[in-house]
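Scroll down for the structure; my scribbles are underneath it.
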Amino acid sequence: MRVLVVLVTLACFASAQHQALIDYLERRLQTIEDRISLWHEQTARYASELRELKQQMVSQLESLDKEKEFLRVTLDGVGTRVDRVERELDYLETQNGAQPCVDVDDKLIEQQVMLVKEKQKAKYSKLSDCSDMISSIKAMKILKRVGGPKGMWTKDTGRGSGKVYIFNGTDEDTIHEFASVQDFARSQGMSLAKNLKLPSAWKGTGHVVFNNYAYYINQVEEMMVVKYDMKNSSVTDSAVFPVQDHLPVYGLTPETVMDLAVDEEGLWAIYATRQNERYISMAKMDANTLDIEQMWDSNCPRENAEAAFIICGTLYVVYNTKQPGRSQIQCVFDVNDMVTNEEASLVYFPKRYGAHSSLKYNPQEQLLYAWDDGYQILYKLVMKKKLEI
């Protein structure tokens with residue numbers, strides 16, 4: 001009987017444990033089911049949010065594609081307009097030439113003017129031992145007639161070059177280059193010339209060619225000296241001449257607003273200003289940098305003057321006389337005070353056709369290259385020492 005009771009007790013106890021286990025497992029499964037349900041809800045929400053984000057991104061991409069297409073069309077239109085503007089600029093440059101770029105500052109010009117005025121007071125230091133002056137004109141040779149009534153012709157005034165250059169007219173941009181004086185003399189017009197087109201037009205007849213560089217005057221708003229490399233066909237330098245209120249240098253050649261010259265000392269500028277309007281002034285320039293080294297006001301009048309040139313630092317001004325076709329050196333100015341008007345103003349030019357529009361001295365040959373009413377003339381000079389009387 002006791003055994004039966006024990007067995008019954010054990011069976012009850014086992015049944016209670018089994019039920020507890022079942023209850024525990026049911027609670028765990030319920031918890032897991034709750035978590036799985038929560039995960040499903042969160043996953044569904046995340047999926048919905050991702051779908052919304054995808055739709056937003058697709059919409060934005062479509063908008064960006066439209067903007068991209070609009071920008072592409074706009075850029076194509078801009079590119080077309082830029083191409084058209086470039087073609088128009090190229091055309092304008094071929095018609096007018098590009099102006100050398102110089103940033104002009106009024107205060108800088110005033111400073112330069114004050115500097116050259118101070119230099120004007122100093123004694124000039126010669127660069128060579130040249131002491132020649134004109135005694136007479138030995139001969140005149142009329143080479144040919146080509147071009148208009150006013151112009152300039154010259155040989156390269158540096159050493160070792162025999163080329164001849166023709167600047168026809170007073171407002172042009174094409175230089176005619178000949179290999180020699182002989183080629184120029186036998187050429188039919190400009191047929192044997194090589195044409196060199198400048199980036200801007202020259203003004204007047206006051207140009208020079210020195211050591212394979214053309215120095216010419218360009219005037220738009222300011223008076224500019226332009227240095228042009230003949231070999232490389234490019235502007236090497238340009239400078240505003242630091243003088244205000246320019247006037248034509250010569251009374252009979254109003255187109256020449258400044259006259260450049262080369263002698264044994266180098267590069268010079270002959271000019272006139274309203275501050276000293278009755279007389280001609282001159283300045284020594286550095287041919288490399290175009291800087292002004294020193295300036296002088298001469299006692300030579302502008303009135304009735306045709307042209308001028310410089311030899312060994314002496315300015316010779318040529319005037320038209322009352323006799324048709326006759327000119328005379330009537331005024332000289334020496335920067336070292338070694339020559340007076342009485343010594344050098346008795347030189348007459350042989351009778352010619354009209355009036356000189358330019359006179360260019362070549363220190364290597366002691367010749368004057370003259371342009372007279374379209375005729376190209378050579379003058380052979382006879383020299384004497386400045387100290388001889």
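Note: Cβ is positioned from N, Cα and C throughout, glycine not excepted.
In TrEMBL, annotation is done automatically, which means it is predicted and not curated.
The annotation signal peptide is assigned in TrEMBL to 1-16. The annotation domain 'Olfactomedin-like' is assigned in TrEMBL to 129-385. Under the heading disulfide bond, TrEMBL lists C130-C312.
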- Message: Looking only at the domain 'Olfactomedin-like' (129-385), what is the model's average confidence as pLDDT?
- Response: 91
- Task: Report the member of C130, C312 (the disulfide-bonded residues) whose C-beta atom has the most other C-beta atoms within 10 angstroms.
- Result: C312
